[in-house]
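The AMP binding site annotation in TrEMBL covers Arg78, Gly99, Leu100, Val101, Gln134, Arg195, Arg206. Marked as ATP binding site by TrEMBL: Arg169, Gly236. TrEMBL lists 72-101 with the feature region 'NMP'. Feature annotation from TrEMBL assigns signal peptide to 1-27.
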Amino acid sequence: MIIKNFLLNFIKKSLIFLLLIVITACSKQNALTNNNNYKDHKLYIIMIGAPSSGKGTHASIISKKYKIPHISVGDIMRDEVKSGSKLGREMGDIMQKGGLVPPQITMELINNRISQKDCRNGYILDGAPRSRYQAEQIKNILSKDPNNVNIILNLDVSDNVLKARMIKRAECGKCNAGMIKGSICTNCHGDEVIRSDDNPRTFNKRLTTYHKHSDAVIDYFKNHSNFIIVDIKSHGNVEEVSKKITNSIDYFISYITENNQVMKSSLENIIN
């Protein structure tokens, strides 16, 4: 009889324990997929990567999952060029040659965009910073609130793969979404356009410019503990790389919101 009661109590406690685990896991997953429900934390993601590394593609996926806007600096610049303004014409000449728009102008465009209401719970910045100056400015903006979750995704792709992707890529002439040449936009069914800077000569110059500045930008953020740098090997297909990215983001959101501090980790067990 004693043994029977012991077993019954043991089974009862075990079931309660398992139920608590399930409830906790479900709550955590719900929080991860609805990040804006976090009361005291905002999610800011900076996409760093060479041209054709997949920044825009993965930023769009992240935007839908975490419900924060995707801010493409390249799209903002191209819209300015299309407007025909004096600034747009000057920027167009620089971009056509594969050069960098002056960092002060870029930051002015970024500040105008992130001041809008849809950015109040966070955003994804795609295409900046591209210089030490921009890195400093962005750091100053995002360091004002110690509760921010600041994640830098560094998309690592070999130059050969980047060049092969450039040959195949196009963008939607209506919504600027990235797409494969010869296809129809999956977002709005718009027609493709080929970017004027997607030619071998200009692309090679853009690639050289990126390599010249990217290490300095990443090294700068490494010296600031409130920024998490996650290196993502992004040679695989979109689904594989996207899973690595979202697993990494979920991991850090969970840790920071539960412990209210930033933990640095190699993340090898998550992204490899």
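Cβ coordinates come from backbone N, Cα and C, glycine included.
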In the region 'NMP' (72-101), how many residues does DSSP assign to helix, to strand and to coil? 22 helix, 1 strand, 7 coil
Do you know offhand how many angstrom separate Gly236 (ATP binding site) and Arg206 (AMP binding site) by C-alpha? 23
So if I draw a 10 Å sphere around the Cβ of Gly236 (ATP binding site), how many other Cβ atoms end up inside it? 14
DSSP on Gln134 (AMP binding site), three-state: which is it? helix
